[in-house]
Amino acid sequence: MRLLKSHPILGLLNSYMVDSPQPANISYMWNFGSLLGMCLVIQILTGAFLAMHYCPSVDMAFISVEHIVSNATLNRFFSLHYLLPFVLAALVAMHFIALHEHGSSNPLGISGNVDRLSFHPFFTFKDLVTVFLFLLTLSIFVFYMPNVLGHSDNYIPANPMSTPASIVPELLPYYAILRSIPNKLLGVLAMFASLLILLIMPIVDTSRIRGNQFRPLMKFFFWVFVANFFILMWIGSQHPNSPFVEVGQVATALYFAWFVIIVPVVGIVENTLMDLALTSHDS
């Protein structure tokens, strides 16, 4: 234990993963952080092992689209997709630094150093519960139901000279946002903007209360956002015909309006009502 605290590298690991003080009242919702970290590690390891045996040549990969994809293009896509997990790992390191500096939040949204526990062993074993549940669920799909989440058309050889009548995307909500704008370039920009807009949340959240537990108005609009997200998911799985296109456009507008308009306005309204209540109480 003395080496764990005095060694320059082990001491850094100890301060982040062993002695790091965490709020005692954090729920299992906080376990998603460890689950995402585990998925990132699995992604990097599996990607590294797959890259050892991958040959970026159109003679051996993507034969059905060899007339439109050259070796250079294939190599660019491979390099980009191989690099992205390491970019995510760098962002995770930045997240750890910020978390170590300011401390973790809690369901009450109250910052305080009164009731805290060390990360190990309390929260490491708590994280292991959801890790094993996740691995159990994943193993059931991988070993017993490998095709349940797939598509039967994947077993049909593609015609290289014709576009498939139906493309089944993976990120359905963002695919619906892409299709909601007729212009292809603007649709792609809107899809990327729907992800990057998450970065402005610390800026647009004007409320003085950090958690939603004591914010009934924000609770309502949060579930509006969840319902709208599932609508986008449903629209993304449908063919781009009327009325799905129109519904997707309305849902896309509501998606961006939630971040840009609803979140700051709700915070301002709540702050104003709080000030009025305190003023009337003081008088």
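Heads up, the Cβ atoms here are built off N, Cα and C, so glycines get one too.
TrEMBL annotations: computationally assigned, not manually curated.
Copied over from TrEMBL, here are the features:
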DOMAIN    1-241  domain 'Cytochrome b/b6 N-terminal region profile'
TRANSMEM  35-54  transmembrane segment
TRANSMEM  80-99  transmembrane segment
DOMAIN    109-277  domain 'Cytochrome b/b6 C-terminal region profile'
TRANSMEM  128-145  transmembrane segment
TRANSMEM  185-204  transmembrane segment
TRANSMEM  216-235  transmembrane segment
TRANSMEM  255-278  transmembrane segment
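Averaged over the domain 'Cytochrome b/b6 C-terminal region profile' (109-277), the predicted model has a pLDDT of 89. The stretch from 35-54, 185-204, 216-235, 255-278 that makes the most Cβ contacts under 8 Å with the transmembrane segment (128-145) is 35-54. Packing against the transmembrane segment (185-204) from elsewhere in the chain are residues 173-175, 177-179, 252, 255-256, 259-260, 263-264: each is 6 or more residues past its ends and has a CB under 8 Å from a CB in it. Sequence-distant neighbours of the transmembrane segment (255-278) (same chain, 6+ residues past either end, Cβ-Cβ under 8 Å): 177, 193-194, 197-198, 200-201, 204-209, 215, 217-218, 221, 224-225, 228-229, 232.
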